[in-house]
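Okay, structure first, notes after.
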Amino acid sequence: MSSGGGYRNGTHKAPNLPTSSSFKSKLPTSASSNGRRSSTIDALSGRVRVAIRLRPRNAEELAADADFADCVEIQPELKRLKLRKNNWDSDTYEFDEVFTEFASQKRVYEVVAKPVVESVLDGYNGTVMAYGQTGTGKTYTLGRLGDEDASARGIMVRSMEDIFANICLETDSVSVSYLQLYMETIQDLLNPANDNIPIVEDQKTGDVSLPGATIVEVRDQQSFVELLRVGEAHRYAANTKLNTESSRSHAILLVHIKRSVPGREADFSAETDHSSHLTTNYKPPMLRKGKLVLVDLAGSERVNKSGSEGHMLEEAKSINLSLSALGKCINALAENSAHVPVRDSKLTRLLKDSFGGTSRTSLVITIGPSPRHRAETSSTILFGQRAMKVENMLKIKEEFDYKSLSKRLEVQVDKLIAENERLQKAFEAEVERIRLEAQKHVSEAERNYAEALKEEKIKCQMEYMESIKKLEEKWSLNQQKHTNNGQMGSGNEEISELKMLLQHEMLTRKAAEEEINKLKDQLDKFTNPGSAGGNSDILNLQSVLEEEIRQKKRLEEEVIVLRSQFSQLTMEAGQTTSYLGRSRNGTGLPGLDSLSPLKNLHCKDAANGERSSITNLHEQVGLHKILSLLESDDATVRIHAVKVVANLAAEEANQEKIVEAGGLTSLLMLLGSSEDETIRRIAAGAIANLAMSEANQELIMTQGGIALLAVTAADAEDPQTLRMVAGAIANLCGNDKLQTRLRFEGGIKALLGMVRCRHPDVLSQVARGIANFAKCESRSSAQGQNAGRSSLLEDGALPWIVQNSNNEASMIRRHVELALCHLAQHEVNAKDMISGGALWELYRISRDCSRDDIRSLARRTLTSSPTFLAEMRRLRIEL
C-alpha cells in the first residue's frame, strides 16, 4: 500500500506474476562501490492472490437454519463461488482458489501461504492475511496451534515448520515479533508492559519498522510454538453473540529471516580448501533478508448482531474503523486513484508494503454459509474481489555479510588447530577399529557357517520326505489301475447305452425334420392365391389385423385424453400453490372459503384485517372439522384440506394432536383410496413428517401403513411422490423394533424398487433408508439379537449399494458409505460383501472419504474383521 511515492497499481504496468511457488533472482551478485549490495536488485510484478474459504455450519446454524439452504454455493473445480440472492437468482465470483467447508488445513496452507514462504526464503518480503466476518474461522485458519490434533495446525505454525526445514541454523537466523493492534494502539504480546509501540518509516526506502517491539531469535519449532502460546494468552478476546471467543484486536506476527546465498557458500568453501593462507582474497558471503508478515485481522461485525455494548462497543467501533480504512486503501489502489489514504489508520500504515508495495501478498477471506449473514458475506466477497486488482512490485534484498565472514574465519582457524590433534587420535582409533572389525568378521563367518550347515540339513530332510510322498502317490495310482482293469466289463455296458441314446436322438431329429417339411407344405398352400381355403385364412388374418389397428387407435386416443387430464391437474396444482401463497399474504383460499366450517376466518385484531395462517387453523376451526374435509366429494376441497394437514404435520407441536384426532388414519386411507397424484404426494409427505416420531412409527406399522406406502411406491411415477414415500419408509427404517416387520411387509423391496426413478432426491432418501436399516441391524448384531445375514443382502440391495458408493451427489454417497460400513461390522456378511465387490469400496472409503468419521469407521471395520483381513492379505492390500 503506497501513499505518494513507491509502486502503486496503475503507475507501473507489469505482467502478472506466474503461479509458481517461488521467485528466484537471476541477476549477478556484484557488489557496489561502498561494499554493500543494493537493497533492491530486481523487481517483479505480482498481483495480490486471493483465496476464499467456507466455514461449515456450526451447531447454532444447524438448529436455526435447518429449513433454509446455504446462501453460498461453492464450485472449487472452476474456482468459482455463487452467492444466492433468492431462490432463483445468484451472483457469481471467481477467485484464485476456492475452498469448500471440507478443505484441510494442510491444503489451505499449501495453496495460500506456501508460495509466499518460499519467496521469503529467497529474499523477498511476504504477507499472508486473513479477513472476514467474526466467527468465520480466521484465527482457526491462521493461528491454530494444533496441540491436540496435528492436522488442525494453522498457517503460522506450518510456515515456521517450512522455514526451519529449509534453512541452516549454522549460517541462517530466524527472529520473530508478535504484536496486536488494539484500539489504534500497537502492543507487544511477548512483553505486555510495552503497550505503546511507535511506527517509524524510512524516508529513503519507505520501509516501515517498529523499533520498540520485542524481537526473539528462535532456533526450533517448539520454542516458536511456546512464544505463540504466550502471545495468545495476552491477546484481547471476548464472548459475543457471533463467537464465544471473538478476537478484539488485530494480531500481527513478524518473522525476519537472514540467509546466506548458497552459491557464495560454495565459493567460500572451495577457497578455504585450496588457498586457506590467502585470507585477503576472501569475499564476504552474500546475505539475503526476507520478512514474513502474518496478519490475523479482527472480524468485522454489526453491533446489533454481535450484541456489543459498553467497552466492547468501543472495541467494535475501533475494529470497524481500521477495517474501513483498509477497504478504502484497497479501493484506491484497485481504481488507480492518485491518492491512497494510508495514514488514516495504523493498520494501513503497517500493511503499506503488503498492498501496492514490494511484498508478495496472499489474502484468505473467510465466510459462513448462513443466509442470516448474507450482507456480511457479500461485503467480504467484494473486499476480496477488489484486493485481486492490486499489484505489487516484488524486490529482493541482498547485502554482504562481513560479520559472518570474520566469524567463519575464526572458526576455520580453530578447526585447523584441532584438526591436527584429531588426525593423530583418529589414526590410533582406526587401528583399534580395524582389529575389532576383523575379530567381528571372523566370529560372524563362523556363525554363518553353522547356520548354513543347519539349513542345508533341514533342506535335505524335507527333500527326502517329498520323495517318499511322491513314491507313495505313484504306488496308489498303480493299485487303482489294476482295480480298474477288472471293471472294464461295466465300462462296455455304459458305452452301449450311450450308443442307444445317440441313435434315439438321431431318430428324433429326423422326425423333427419331417414335421418341418409338412409345415412348409401347409404354408405354401396358404400363400397360394388359387386355393379357396388359403384365401379364407388370409381374410381371417386381415380381419384380425384390422381389429388390432382399431384397438391401437383407441388406445392412442385414451393416451391423449389422459395427457390432457394430467395437464389440467398440473395447472390446478399450480393454482393451488398460488392460492396458498396468497393466503399467507392475506388472501383467503378460494376452495376453503366456500365451505361453511372454514368460512370468514379472521384474526382477533380486526384493525389489521389479516386472515389466520394455516398453522393456526386447528385452533380457530377445530382439527376434527379440517380432517372431515379429507372425505369431501369435491376434489379441490380434498387437495386444500390435505395440504393444510401436511403443513400442520410439519410442526412437531401439532403431530400428537393430529394423531389423537385420527388424522394419521385418515391420511393412510386417503393414500390408499385416492387416485389423484397430487393428493397422494401430499398425503405421503404428511405421513413422512408424522413418521419422524417413534410413537407414530409403531402406529403407522399397526395400521398397515408400510403396505400402503409400498403399493404407492410401485404405482407412482412422479419423482416428488416417490421422494415423499421414500422419506417416510426411510424414517421407519431407523426404528430397531420394526426391523423384522418392516422387511416382512415389503418395505425394503419397495425402497429398492424406487431406484428406477433415478432422480437424485429420490435416490438420496433411498440411501438414507438403507443406511438407517443397516445401522439398526449392526446395533442388534452387536447386542447378540441378530446372528444371521443382513436382510439387505437377502433382498438384493448390495449391488446397488456398491454401484452408488462413489456417487457424484454427496448426500447419496455419504449415506451409502455409512450403509457399507455398518453392513461390514457384522462378520456373517463379510463373504457376500467380498464376492459383491464391497471390499474395494470399503478400502477406498478408508483412504479417500472426505469425512473423517466415516473414514475412521471404515478403517476400524476392516481391521477388526478376520475375513476382510485374510482377503486383504491374499490380495496384498495394506491399509
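Even glycines carry a Cβ here, placed using N, Cα and C.
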For the record in TrEMBL, which of the ranges 106-155, 206-255, 306-355, 406-455 is the coiled coil one? 406-455
Within 10 Å of the Cβ of THR139 (ATP binding site), how many other Cβ atoms can be counted across all chains shown? 25
Across every protein chain in view, the count of C-beta atoms other than its own within 10 A of the C-beta of LYS138 (ATP binding site) is 27
Cβ neighbour count (10 Å, all chains) around GLY137 (ATP binding site) is 23
Restricted to the coiled coil (502-572), the mean pLDDT of the model is 62
